[in-house]
Amino acid sequence: ELLLPSWGAGQTPPPLLTRVLRGAEGERSAQATLAAWQQYRHACELRLRLDPPAPGPVCNRSFDMYVCWGDAPPNSTATVPCPWYLPWHHRVQGGVVARRCGPDGQWVTDGTGRPWRDHSQCEDLEQEQPLQQHAWLLEQFRLVYTVGYSLSLISLLLALLLLLLFRRLRCTRNYIHANLFLSFVLRAGAILTRDALLHRHLRPGLGDPLQLLSQQAVAGCRLAQALTQYCVGANYGWLLAEGLFLHKLLVLATFSGDRCLPAFLLLGWGAPVLFVVPWVVVRYLYENEGCWERNEKAAVWWIIRCPILMAVAVNFVVFVRIVRILVAKVRAHQVARGDCRVRLAKSTLTLIPLLGVHEVAFALVAEEQAGGTVRLVRLFLQLLLSSSQGLIVSVLYCFVNKEVQAEVRRGWQRCRLGAPCPPGAPRGPPRGPPRGPRRYVAVGGSRPVPRDSGGHPLAESCC
């Protein structure tokens with residue numbers, strides 16, 4: 001998941017040094033800029049201690065986290081050269097930073113009570129406006145995916161409650177659905193929590209940029225980042241489990257979903273540990289910077305990225321095979337041509353969010369290969385679809401499912417009649433195990449999946 005700038009809409013950017021670090025990408029790494037700033041600060045503090053005091057009233061020497069100020073006489077304007085740690089210092093070498101010392105021997109302040117300072121000559125005008133526009137655009141993207149994940153979180157929790165509440169809905173297929181919903185819930189919750197932590201550690205108004213950057217590196221922030229990567233990996237694992245289960249259901253004549261459930265549990269919840277833990281170790285050893293929100297070393301990032309891309313590729317192959325099976329089934333049952341197209345389109349569109357097929361497009365256009373407008377469009381679409389995928393899946397596979405709707409109506413009628421039995425409990429004496437072939441809940445449909453004479457689910461059951 002991409003990490004966007006953490007200041008809120010309508011707020012002023014973080015302190016000047018933070019903007020310097022954000023503008024350092026094209027010149028040198030932010031870590032190198034921070035190291036240069038620390039060296040500048042230490043040299044300034046040493047100079048302030050060693051310089052002899054000035055006679056008479058003066059505006060006191062200080063380091064304002066940007067430049068080093070010496071003593072200044074009253075009613076004067078103090079100027080110092082642009083600090084050399086700026087990544088674009090070679091373009092502003094002749095510029096100065098100015099301050100005004102008042103007649104009372106105090107630095108003139110601005111509207112916020114802080115000493116006034118004019119550093120306009122040290123700004124990189126070639127980058128300032130594009131950076132502000134880019135930051136504003138990314139903030140709108142962050143707002144979009146925050147709303148998307150929030151809506152998905154609410155709808156998924158409600159869908160998960162419905163699947164677990166009604167006993168008639170408890171089957172292998174819906175158990176897999178429930179785990180998929182839970183993985184979406186954890187993914188949305190982890191991303192929203194991580195963003196909240198980053199916003200708190202990078203909140204505007206912190207006076208000390210060094211403190212601001214060191215707060216990123218706390219264990220809690222890195223732990224949230226690691227948990228986020230695990231939840232994202234688990235989500236892709238359960239998308240793959242959904243695809244494999246549906247493929248086996250359509251292909252195998254005799255298929256027991258109960259036997260495969262432990263394997264799917266290992267795939268969904270266990271497999272992400274195999275690449276998240278190595279990523280945490282390698283990240284700690286070789287790229288232990290900040291809150292682990294930047295991925296400057298591609299080799300480290302591929303530890304996470306490669307397994308996810310493999311899951312996306314396998315699910316795409318499964319999707320293609322399922323569509324081919326559905327086409328053959330519809331043709332074999334001699335469905336009218338117009339009705340056939342409608343059913344196939346409905347089945348295909350329903351499977352896309354369930355299997356995460358849209359991720360293939362983003363995998364083909366890698367972030368490193370895209371640039372300019374193409375990169376922004378790709379980023380916006382990926383954030384929009386990823387954040388709303390949980391909402392779409394919960395609607396298609398729970399809220400509009402007629403079997404779920406029937407159980408909700410049945411439970412509501414019991415509540416209105418004051419029946420003592422809990423929702424979903426069967427009426428009358430206990431019944432024995434069902435006889436005959438196993439019936440599965442339709443994929444995105446309303447009826448159990450019947451099997452034809454060949455043992456395969458009928459194509460219309462997936463429509």
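The backbone N, Cα and C atoms fix where each Cβ goes, and this holds for glycine too.
Predicted automatically and left uncurated, TrEMBL annotations should be read as such.
Model, not experiment: these values are computed from the prediction.
In TrEMBL this protein carries:
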COMPBIAS  422-435  compositional bias 'Pro residues'
DOMAIN    43-126  domain 'G-protein coupled receptors family 2 profile 1'
DOMAIN    141-401  domain 'G-protein coupled receptors family 2 profile 2'
REGION    422-463  region 'Disordered'
TRANSMEM  143-166  transmembrane segment
TRANSMEM  263-286  transmembrane segment
TRANSMEM  298-323  transmembrane segment
TRANSMEM  344-365  transmembrane segment
TRANSMEM  377-400  transmembrane segment
Per the Cβ filter (under 8 Å) with a sequence gap of at least 6 from its ends, the transmembrane segment (263-286) is approached by 176, 179-180, 183, 226, 229-230, 233-234, 237-238, 240-241, 244-245, 292, 297, 300, 303-304, 306-307
What are the helix, strand and coil residue counts for the domain 'G-protein coupled receptors family 2 profile 1' (43-126) according to DSSP? 16 helix, 22 strand, 46 coil
For the transmembrane segment (143-166), the distant same-chain contacts (Cβ-Cβ under 8 Å, at least six residues beyond its ends) come to 9, 174, 177-178, 181-182, 184-185, 188-189, 191-192, 195, 380, 383-384, 386-391, 393-395, 397-399, 404, 407-408, 411, 423-424
Positions whose Cβ lies under 8 angstroms from the transmembrane segment (298-323), at least six residues beyond its ends: 229, 232-233, 236-237, 239-240, 243-244, 246-247, 250-251, 271-272, 274-276, 278-279, 282-283, 286-287, 344, 347-348, 351-352, 355-357, 359-360, 363, 368, 462
